[in-house]
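Annotated features in TrEMBL:
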- Asp43: active site (ACT_SITE)
- Asn91: active site, proton acceptor (ACT_SITE)
- Asp43, Glu230: Mg(2+) binding site (BINDING)
- 44-48, Arg56, His60, 88-90, Trp92, Arg94, Arg211, 217-219: substrate binding site (BINDING)
Amino acid sequence: MIERLKSWLVGYQKEKSLKPADEERLELLKKGPIPRHVAIIMDGNGRWAQKRGMPRIAGHRAGMKTVRHITRAADDLGIEALTLYSFSTENWKRPQDEVNYLMGLPEEFLRTDLDELVRRNIRVGMVGREEELPEHTLRAIEGFKAGTEGNTGMMLSFALNYGARSEMIQAVKWIIDDVESGKVDKGEVDEGLFDQYLYTSNLPDPDLMIRTSGEVRISNFMLWQLAYSELWFTDGLWPDFSRELFYKAIEDFQRRSRRYGAV
Ligand code: FPP
């Protein structure tokens with residue numbers, strides 16, 4: 001019991017101690033507009049590992065640490081929602097051992113990070129198709145949801161088995177079902193209603209989308225929701241992405257002029 005309390009305290013002190021430069025930057029950033037929702041394509045884990053002569057899964061392991069750092073950085077800034085593209089509907093084509101490893105990460109993250117997420121009042125959820133996911137991965141997601149459901153702070157969502165095109169097709173099918181059963185009138189179908197049938201129905205559209213690793217594309221991520229998002233790309237690989245770079249993206253976001261088609 002005492003040991004558990006001690007490790008909790010050490011963890012708490014570690015996560016709270018920001019470098020003075022970060023502290024200062026954070027205060028400055030808080031004076032400007034803060035994106036409500038930041039979505040991230042966490043790319044480059046495999047290349048990070050290959051550059052070091054390590055197996056690809058070592059890159060995903062390092063990437064999970066970055067997930068922890070960026071979750072803290074986003075939470076410290078007061079961001080309402082952070083969505084992380086963790087496994088796409090196309091990622092099933094990867095070697096089986098890599099897929100298995102990725103499917104085990106939610107359980108590991110639950111074990112290592114749930115206490116801190118609860119302490120930070122963060123809620124955790126998932127966006128994507130549950131159908132193909134293994135039972136143990138779904139159990140971990142359920143564990144996160146149950147463990148954080150009373151929380152009222154930042155919404156951290158893992159996009160798992162997520163693909164924007166299949167999300168939209170699924171939404172269309174559900175709308176057709178509801179029109180046919182009389183629950184929805186065809187005349188009511190508009191952008192707002194469509195939003196409610198997406199996996200992201202509980203989230204505002206992302207204000208900012210970040211992609212690491214130098215690739216400049218969207219890769220079937222939130223095609224509908226990103227319509228008016230600011231996009232920010234960096235050459236760095238996801239395991240090297242840091243609080244500093246995240247805050248640089250936010251600074252750039254604060255300098256953008258968002259007109260939504262107006263002048
Ligand atoms: C893309 O890099 C990254 C992924 C497909 C997986 C990202 C997952 C994490 C960072 C961990 C998520 C954590 C939880 C708890 C779900 P890549 O492998 O495509 O890199 P490459 O383009 O260099 O090959």
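For all residues, glycine too, the Cβ spot is worked out from N, Cα and C.
Unlike curated entries, TrEMBL annotations are predicted automatically.
Keep in mind the model is a prediction, meaning the values are calculated, not measured.
Sequence features, as recorded in TrEMBL, placed on the structure.
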residue	record	DSSP (3 states)
Asp43	active site	coil
Trp48	substrate binding site	helix
His60	substrate binding site	helix
Asn91	active site, proton acceptor	helix
Arg211	substrate binding site	strand
Ile218	substrate binding site	coil
Glu230	Mg(2+) binding site	strand
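The most densely surrounded of the binding-site residues Gly44, Gly46, judged by C-beta neighbours within 10 angstroms, is Gly44. For the binding-site residues Trp48, Trp92, the greatest number of Cβ atoms within 10 Å around a candidate Cβ is found at Trp48. For Asp43 (active site), the recorded positions whose C-alpha atoms fall inside a 10 Å radius of its own C-alpha are Arg211, out of Thr89, Asn91, Trp92, Arg211, Ile218. Around the Cβ of Thr89 (substrate binding site), the number of neighbouring Cβ atoms within 10 Å comes to 18. Around Arg211 (substrate binding site), the same-chain residues at least 6 positions away in sequence with a Cβ under 8 Å from its Cβ are Ile40, Ile41, Asp43, Arg217, Leu231, Trp232, Phe233, Thr234. A separation of roughly 24 Å, to the nearest angstrom, links the Cα atoms of Thr89 (substrate binding site) and Glu230 (Mg(2+) binding site). Cβ neighbour count for Ile218 (substrate binding site) (all protein chains, 10 Å cutoff from its Cβ): 15.
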